[in-house]
Amino acid sequence: MHKLKVFFEMIKFEHTLFALPFAYLGAFLAARGVPPSSKLFWITLAMIGARTAAMSLNRLIDRHIDARNPRTAQRALPAGQLRVKEVYFYTVLSFLLLGYSAYKLNLLALWLMPIAVFFLVLYSYTKRFTWACHLALGISLGLAPAGAWIGVTGHWALAPILLGLGVMTWVAGFDVVYACQDVEFDRKEGLHSIPAIFGVQRGLEISSFLHILAPLFFIAVGVVMAMSWLYYVGVAIAIVLLFRQHRLVSADDFSKIGVAFFDLNGYLSLLLFIFSILDLVLLRK
């Protein structure tokens, strides 16, 4: 049990909160109300499998880099708290959970699952060759609401694409901010990130631009789905939280990056989900 606890700490299992509300939102929008409980069950397991596989694979691929970075040297793999083969075992189990969950949802979800797996694997390598690594992470998480929509309906639509783009730009934006901590290390190691390539100040400006785009995509979802005022209250709260996030960090001060990165983004995804569900459930009767 101790090893399992260390594993969950290593992959920051609790941060599934970032993506899970948007996956649920995709499901509720697809059903235009409350989706079947069986769908929510398999969507939940698919999300747990996908994120656990992605994070454990990322830790495996980056373990040698993490060992050289003072900020990450105490992670479980470089610190010797977990063995490589143990993490590979959990990674395979997680991918199997994702695959079986997609199978239980519907055939289209199963057929499209390799696309999700491709981006989940690709992200861990992108920092080695492109500053667009932040967008790769955004795409990986942006596939969650689109996948949930397909899991409920069995077909594509415009709304989940727009929602996925909103999640992509939101995630990419806060990942750029987070990467500002490692600028000197990334440059020394020849790793690519927007702050390392363009500088911290320009990186924060690009992050701000991405966080202007994200609410625009969320608004577009509301228009396409004919959402009412409660949904837009949720979007307004998201805008305030994004603005607050950028007020907490600057090119000279990253002391509050934990609040900006973890707390505010967790609140954003949860509150936007709650107001969206209130709109769908209360105002559609």
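Heads up, the Cβ atoms here are built off N, Cα and C, so glycines get one too.
Sequence annotations record features per position, and here TrEMBL assigns transmembrane segment to 40-61, 82-102, 108-125, 132-150, 156-178, 212-244, 264-283.
Counting only same-chain residues 6+ beyond the ends of the transmembrane segment (40-61), those with a CB under 8 A from a CB of the stretch are 7, 10-13, 16, 19-20, 23-24, 27, 75-77, 84, 87-88, 90-91, 94-102, 104-105, 109, 116, 120-121, 123-125, 140, 144, 147-148, 151-152. Outside the transmembrane segment (132-150) by six or more residues, the chain places 18-20, 22-27, 29-30, 43, 46-47, 50, 54, 102, 105-106, 108-109, 112, 115-116, 119-120, 122-123, 126, 156-157, 159-161, 163-173, 175-176, 179, 192-194 with a CB less than 8 A from a CB of the stretch. Residues of the same chain lying 6 or more positions beyond the ends of the transmembrane segment (212-244) and with a Cβ under 8 Å from any Cβ of it are 29, 32, 158-159, 162-163, 165-167, 169-170, 173, 260, 264-265, 267-268, 271-276, 278-280, 282-283.
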